[in-house]
Amino acid sequence: MEKLDVIRQPQELESKAPQNPNAVGPTDSGRDAWMTIAGCFMVQFCTIGYSNAFGVYQDIYTREFLSNKSPSDISWIGSFQYFMQYAPGVFVGHAFDAGYFRHMMVLGSFLEVFSIFMLSLVRKGQYYQVFLAQAIGIGLGQALLFIPSLTVISQHFKKRRSFATGVAVTGASVGGIVWPILLNQLDQKATFGNANRAAGAVAGVLLLCANVLMKPRPVESKALSGVHLGVKSIFRDIAYMVSIGAACLVSLGLFFPYFYLQLYTVDQGVAPHLAFYTLAILNAGSIVGRLVPNFFADRLGPYNMIIPCLFLTAVLLFVVLGVHSFAGIVLFGLFYGCTSGSYISLIPSIIIQLSRQSGQPGLRMGFAFTSVGFWILIGTPIEGALLHVPGSNGSLLWSPCIIFSAIAVSCGAVGMLISRVIFVRQARNKGLGQLI
């Protein structure tokens with residue numbers, strides 16, 4: 001019987017492309033390496049962490065600020081913000097490979113902070129103003145920050161890459177705890193505008209520190225070659241393409257709780273002052289999910305950790321159908337945060353593992369996130385449309401959108417399992433790696 005449980009990650013899989021004489025390989029340690037992780041942590045706090053707080057905006061917009069719009073219309077703001085964060089990935093990734101890391105970080109920091117301050121100036125009921133500032137402005141700024149901050153980790157870490165990535169993306173979990181509490185408290189005690197001005201100030205300080213801390217290394221000479229060669233190799237890599245397809249399916253349903261859990265909690269009759277903490281609880285659970293599986297992924301392989309996490313995520317989405325009390329929602333949030341956070345933190349490691357022979361990790365990372373971005377764009381609006389069914393007298397119907405999300409993640413988990421099988425066979429046929 002074949003043993004396909006563990007894939008060792010050998011030296012042979014690393015790119016053998018000619019090196020830039022000034023380039024230095026990953027050291028897995030040192031001041032620059034860990035300062036870079038600290039900077040990446042701050043970037044993740046201000047990008048994914050901030051985006052994960054959109055459930056607060058979804059609740060505020062639905063009940064008050066944009067009450068003239070449906071939940072589906074409002075969710076387009078958050079999904080388009082995610083889309084803008086991912087969609088330019090091919091271009092951002094290629095720019096990273098070409099050595100423009102610093103340029104993107106500075107421009108992205110400015111765009112995000114400027115757009116958050118613009119969001120503080122929008123008028124109540126003006127959907128287009130909110131969409132321009134939050135969906136397009138903030139999303140584009142985050143696009144220039146998110147992918148480069150993940151890809152630069154591969155310049156400093158190899159053997160401990162999954163764990164280092166897990167530490168960095170824990171910033172998103174911490175941000176997902178801090179941002180909802182900050183925004184909810186300020187919205188209650190001050191105004192919507194002042195809440196966003198405070199958010200802009202916090203993001204500005206952290207992104208300034210991140211720009212100082214992160215230390216990119218000189219790029220390899222092969223990374224400067226034409227983008228068309230890299231794209232051609234992408235479509236020939238079956239394991240990589242199947243993994244991207246699986247990630248797209250997962251993205252259709254994975255973000256449902258991040259957008260709708262606070263609204264779901266309020267709709268179940270839980271007091272708003274308690275419901276405000278559900279997103280923080282969800283992101284608190286993801287701290288464990290972003291650290292522990294990544295620690296073992298360096299030993300067991302990222303595929304072997306991400307697949308069970310995806311199946312557990314799908315199961316939890318089915319389970320939430322029967323959860324109606326605040327205690328049950330808290331438990332769901334903790335466990336869902338753990339399993340979904342594991343997926344989010346492990347997928348960059350899988351992309352890097354599948355990109356080792358290409359010599360263009362930024363391009364491959366960018367292509368993956370560009371592909372996923374289109375599915376994130378439509379996922380939560382579909383769920384919002386299923387949530388708000390005509391003829392329901394304004395009541396929210398949760399079962400259709402929850403089932404849709406659970407099935408999408410289940411299909412993605414199966415797809416990732418298929419990608420793993422193909423990757424194992426490719427490695428064996430090429431004589432790469434040790435299977436035990």
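The backbone N, Cα and C atoms fix where each Cβ goes, glycine too.
In TrEMBL, the annotation transmembrane segment applies to 363-382, one of the ranges 83-102, 363-382. 273-293 is the stretch from 128-151, 163-183, 273-293, 305-323, 402-423 with the greatest number of Cβ pairs below 8 Å to the transmembrane segment (329-351).
For the transmembrane segment (163-183), the residues of the chain that approach it from at least six positions outside its boundaries are 28, 33, 37, 40-50, 52-53, 55-57, 149-150, 153, 156-157, 195, 198-199, 202, 258, 262, 276-277, 279-280, 282-284, 286-287, 289-291, 293-295, 297-298, 337, 341, 344-346, 348-349, judged by C-beta separation under 8 angstroms. Contact counts against the transmembrane segment (195-214), taken as Cβ pairs under 8 Å, peak for 128-151 among the stretches 128-151, 305-323, 363-382.
Residues of the same chain lying 6 or more positions beyond the ends of the transmembrane segment (128-151) and with a Cβ under 8 Å from any Cβ of it are 39-40, 43-44, 46-48, 50-51, 57, 61, 65-66, 76-78, 80-89, 92-93, 96, 101, 104-105, 107-116, 118-119, 121-122, 165, 168-169, 207, 210, 214, 348, 361-362, 365-366, 369. Beyond its flanks by at least six residues, the transmembrane segment (305-323) meets 250, 253-254, 256-257, 264, 289, 293-294, 296-297, 329, 331-332, 335-336, 339-340, 342-343, 346-347, 350, 398-399, 402-403, 405-407, 409-410, 412-413, 416-417, 420 of its own chain at Cβ-Cβ distances under 8 Å.
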